[in-house]
Structures are given as C-alpha cells and as structure tokens.
C-alpha cells in the first residue's frame, strides 16, 4: 500500500514545479499577446495597431507588477528611456529630398538634392524632405528610377525631378513598403550625379561600399553575395536563381542579419576584454554591437536582436538575471511602440517567432538525446533548434506564402555548424585585408572553401527538395499557435517536475 505521504509529496512537487513555470514562462504575457494577435484577424482598419500595442504594454505591466518583483519596473523604465534616446540619436536618414512644392502628391517636383541610401536595380528607400511655411516636413518615400546613365551607389548625391504618387494599400508590394514606414513613391527622371554624402552617413556609406568592393575582389558571385548576406544581410547582388535555391531548401535565414550574428560579435568582443574589467567588457561589447548595427542598417530583426542584447548588458551590469523570453517580449513591445508600422512587417514576425522557438527549443529535446554527450549537444544545438523554428514558423509561412520545404531540417543540420566560423573568419578577413593583401588572400581562401561547400549543398538539396504547398486559413493559424503554446507549456512543466524531483529526492 502506498502511504498518503507519498501523494502529498508528489502534489507538493507538482505545485512547486507549476510555480516555477509561472515565474519562468510568463503565461499572462503570452496569453494577452496571443489574444491581441487573434483579435487582429477580427478587426479591420488601423484600430487594431493601437489595440495590440496597448495590450502588449498592459501585459508587460501585469507581468512586472504581479509576477516579478516591483524593482523590475525600474529596469524596464530605464531600458525604455535608453531605447527611445537611442532611436532619436540613431534616426535613419539615408535619403533626403529637398523640394520646392506645396502639393507634393501626384505632382512633378524639382529636386535640389537626393542622398541615395541602400538600393537595388529599381528601388531606393529613404525620406523625402520639403520646406513649407518655415516648417520642415519629412515624408518616407520609395524612389522608382526609370533610367540612369551612370552607375550609382549608396551615398551618391543626385539632382533632378520626380513625380510623387501615393502607395496603394491593396497592392501586396505597396503594403510591404508601408510596413517599412514608406507612404509615397517618387518616380524619378533626368537625374545627375553632383557629389557624395558627408558626415556620419557619408562614413557609413563609404564603409559599406568599401566592404562590398573588398569581398567582391576576393570572391566571385554567388559566393561573394552569400558572404555579404551572412555578414551584413545584403542580398542586392545575389543572383535571383541562387535566392530561389536558398528559399527552396529553407536557408534564407542565414543570409539575413539576426540575433545569432549579433550575439557572436558581442560574446567574442566581450571575451577578449573580460580580463581587463567585467563591466568594461560589457560596455565595449555593446559599443561594438551597435557599431555593427549602424553599419548594416536598422532593420526589424537587427534592432530586435540589438535591444535584446542591450537588455542583457543592463541586467549583467545591474547584477540581475533577465530571462531570454522576457528580454524578447520587452524588446519586441518597445520596438512596436517606437515603430508601430512594424506590426505588419514579415521580417519582424518571422524574427520574433524564430527567436521564441530557439529560446524554448530545449523543451522538444528527448531525454535520451541529452545523455549522449557531445553528439547529443550537436543535435540539440542544430537539429532540434531547427525543428523548433520550423514548428513555430510553419503556420505563419503557410498562411502567408503557402509553401514549406520538407528538407529544411536536413539543410540546417548540414549548414548551420559552419555559420559561426564563416561569420568570425569573414569579419577577420575583411579587417586584415585592409592591412595586408596576403592575409586577405589567406583568410578569404579559407572562406571560399566553406562557402563553396554551402553553395554546393544548397544546390544539391534544391534538386531533390520536397515542397509542401498548403495555405493555412488565418483563424486556424491562430488556434494552431494557441495549441502549440499550451503544448510547449506542458512539456516545460513536465521537465520542471523532473528537476524538482531530483532536488527533493
């Protein structure tokens, strides 16, 4: 006969495990944000943008006031102030159009100056600026360049004329532009080159162009564009055929700057400086991180990852522990407050889902895998993380794109172990090539071998890639995520029970 004391002990362990899960997983925050995302599909118009942001802020306040200790409000407030100040100081102004016109939509205007920002063959993104009634008004625009008789690059200053048109929200590409804060298209003609951008933006464009020239000097396409994509998220020079191959095998995420790249830079710089001073290593690592962000641009995944690392730096200096899930939620909500239009950004959605999946990937690892030593660690870091990312991004990708690569886990298992080495060696190769051409040849030669392997593996897998075509209804997508979150909570609760049992008995 089992004694009653056994059942009381078992109930106590489960209760303690549940309390630990309540403090770690922050279910109130998750539920409220899921509720807001679900209501997004029921509301039409712009109201749900504000509604979702308010729900997110409410979730964080409830989390801080009732789940965690009140002192966290201080760190949250401090972080919010720092992020807003950083946003004001680092405000992006890649393109400035100074025009003399009062009616600027659907009219032809004269342009005194155009400072080109990141470009591809047809589009230039940036800000239109005009003076009217002694007030400067900034308007984000996308420029459609009909014809240019010269090769232009970011940082060039042009002059000419353009016709401004309002974007059409019903058009899918225009809707994508709106998520980047763009509201107007400028169709430009008769442009001429008159100079280069000066100041900090000029330095930024110079470094970007110099790095691109160095990489393209030592490597040929598509390997050069693959390296630029892995280091800086730049895919303007990548052939469309290679982009399609990367998409078919589910590896487009490696040619986008993400939290992984930023974490590598931060951790390696911090390790080099930790022997000098612990707090100083955090500060220098953070400065190196934000310098890198300044170089690559302020895209949603980059800023989200940068703010997560900034939260970690603040918590480390303050001697407090901030869970990764809390850091992800805080950084995402703060970014939505600063950039509300990112709520429709596909890159922001996928970045959030992928990071959330990586943070919680341990829950999907079977117990026997963790007992197999280094082999288990390898599969845990690459295969199960990739599988977790697929679980969490599949509903969204299916609802938006209607396609998923079945071979994505295998492709990630073959490629991801080399991403860290390629990133570190790539940065070293670029830096050393400034000092010595021989060192550049040596390091870029090593890079060529690894990049050739990745390109070959992607090409081979794309020929046998199995694509699943299914467009999931939006409402089913919401219910799928709710079920997935509940299942994840159950798995983490079961693991916590085992941990408590080990401590208790």
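Keep in mind that glycine also has a Cβ here, set from the backbone N, Cα and C atoms.
As the structure is a computational prediction, the values presented were derived from the model and not from experiment.
Marked as domain 'ComEC/Rec2-related protein' by TrEMBL: 230-494.
Look at TrEMBL and you will find 21-41 (among others) tagged as transmembrane segment.
Here TrEMBL flags 47-66 (among others) as transmembrane segment.
TrEMBL lists 73-91 (among others) with the feature transmembrane segment.
Look at TrEMBL and you will find 249-267 (among others) tagged as transmembrane segment.
If you look up TrEMBL, you'll see 279-296 (among others) marked as transmembrane segment.
Positions annotated as transmembrane segment by TrEMBL: 302-318 (among others).
The transmembrane segment feature in TrEMBL is assigned to 325-343 (among others).
Here the transmembrane segment (382-401) has Cβ contacts under 8 Å with residues 250, 346, 349-350, 353-354, 356-358, 360-361, 364-365, 369, 408-409, 412-413, 416-417, 470-474, 476-477, 480-481, 484 of the same chain, all six or more residues outside its ends. As annotated by TrEMBL, transmembrane segment applies to 382-401 (among others).
Note on the transmembrane segment (413-435): residues 211, 214-215, 218, 227, 230-231, 251, 254, 260-261, 264-265, 268, 378, 382-383, 386, 443-444, 446-447, 450-451, 453-454, 457-458, 461 of its chain, located 6 or more positions outside it, place their CB under 8 angstroms from a CB of the stretch. Taken from TrEMBL, the feature transmembrane segment applies to 413-435 (among others).
Using a Cβ-Cβ cut-off under 8 Å and counting only residues 6 or more beyond its ends in the same chain, the transmembrane segment (441-461) has close neighbours at 218-219, 222-223, 226-227, 242, 245-246, 248-249, 251, 407, 410-411, 414-415, 418, 421-422, 425-426, 428-429, 432-433. Feature annotation from TrEMBL assigns transmembrane segment to 441-461 (among others).
Taken from TrEMBL, the feature transmembrane segment covers 473-491 (among others).
Counting only same-chain residues 6+ beyond the ends of the transmembrane segment (302-318), those with a CB under 8 A from a CB of the stretch are 75, 78-79, 82-83, 233, 257-259, 261-263, 266, 279, 282-283, 285-286, 289-290, 293, 296, 324, 327-328, 330-332, 334-335, 348, 351-352, 355. This prediction places the mean pLDDT of the domain 'ComEC/Rec2-related protein' (230-494) at 77.
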